């Protein structure tokens, strides 16, 4: 069909440009927690001291000195109503004053900004609830990608894309106005239900309407706009100081995408697979007209040999040997890529330093990955760059862990190479996935395989934060034979490379952020800086790279239309 209308004419370019915009707000949804759920430096609140601070013009540091001792989870037990508290407190010594637990909430050093952490007081014993914010999104991804993937194969790419954006707009606004944290998690789950499924439906549609020689280019650039969203997010978060308004700005594009109803067609390839030849021909004719192409007489004889058996089901993905192999290998690669990538991005939020600049730098690292893919995959194929990216990520994880801090620049370069490798692997698994499934089950296949990404997203925050707090070695026990360590993203961003980073008693909950120290999890009786955390990435990446070599090469191969095209490619 793309050959009849032109492989990448004006029509396809217009549609592709519209779909690239869809990737940008998804970045805000996926990793917006870094800013929306930011945990600033905090301490116990004493209402009497707050009142005097406002009257006397004290700084936050002055009121903190009068409120808490060294530990932020305690405060001085003083009845300020019975104690004369003058504005000049330089001579006041509270060293022998008894302390008590926090009773009146928390104060935050956040320069007039507000995250949902500061609004709902999700610190210390409640810190684990912040992990639920990201986990609930991935639960939505998990269920929604399968449901919308099935809808896209059953009812069409266009309709599923539009319905998902309607859900995204409604759920996103509900997140912004959520009155409490429980409702926030519910709305966040609904938000995730539509976001990923709609993005995948758009990806599949655009790859189905372009010629085979342009398929890899549109696939990589479509994902590269996610990295554009990564770069825009810290700029938006810097100027929008309230997490609720930031949520509104992230959601607004999804409402605008509803206008695509008038600008994008249904996939002719999908229509043909559903035995809707008349509609497929009509759309192809319209595309050819816009591309100033003339259709050949072959358009009247187009047919899908599998059209009578095109009801997509999960069993189609595992019934035959090669389909089953593809499903298992791709699912594992989704899991590996997503867990490592999402973990590194989320870790930026618990590092010291300027989170906006750190996030921007981390986003810039992703762009070379897209250009490397575009440069290599049509010259050497898909399989070798895909496997190499996984191997490079694994080697970099191991090597970086054992490079001494005194070799800072060498350590930074190796860490950058690792981040580049896992980004490249993540981008490649998406479009390789679409090339290894037939048309009638392609959207469902991508959605099912990518659910392993969502499983990793659900589990990762609890593995990284909760288990390491209970016992530093516990994640190693969970991961079994994995003996790899991955350097924290802070090493890349020059954070806490050589100094000790003390943690308050609040470290028994979610790691906190501070202007002067990293909030990495570490043993309470060990003042040695933890610059590595237990991880799956090295071993997982090695195994993922080896499994990729078992997949068939798809360079220059037409998208398969039937299962027989997969099982018997040489026919």
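Cβ atoms here come from the backbone N, Cα and C positions, even for glycine.
Curation does not apply to TrEMBL; its annotations are automatic.
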Correct range for transmembrane segment (source TrEMBL, candidates 130-151, 218-239, 284-305, 306-327): 218-239
Any contact, the transmembrane segment (245-264) to the transmembrane segment (159-179), with at least 3 Cβ pairs under 8 A: yes
Close approaches to the transmembrane segment (218-239) from elsewhere in its chain (Cβ under 8 angstroms; 6 or more beyond its ends): 8, 16, 19-28, 30-32, 34-35, 202-203, 206-207, 210, 246, 249-250, 355-357, 359-360, 362-364, 366-367, 370, 373-374, 427, 430-431, 434
Per Cβ pairs under 8 Å, the stretch of 15-38, 185-206, 444-463 packing most closely against the transmembrane segment (159-179): 185-206
Close approaches to the transmembrane segment (15-38) from elsewhere in its chain (Cβ under 8 angstroms; 6 or more beyond its ends): 110, 113, 115-117, 122, 130, 133-134, 137, 172, 191-192, 195-196, 198-199, 202-203, 205-206, 209-210, 218, 221-230, 232-234, 236-237, 243, 246-247, 249-251, 253-254, 257, 260, 263-265, 342, 345-346, 348-349, 355, 359, 513
Predicted model, mean pLDDT over the domain 'Major facilitator superfamily (MFS) profile' (67-492): 78
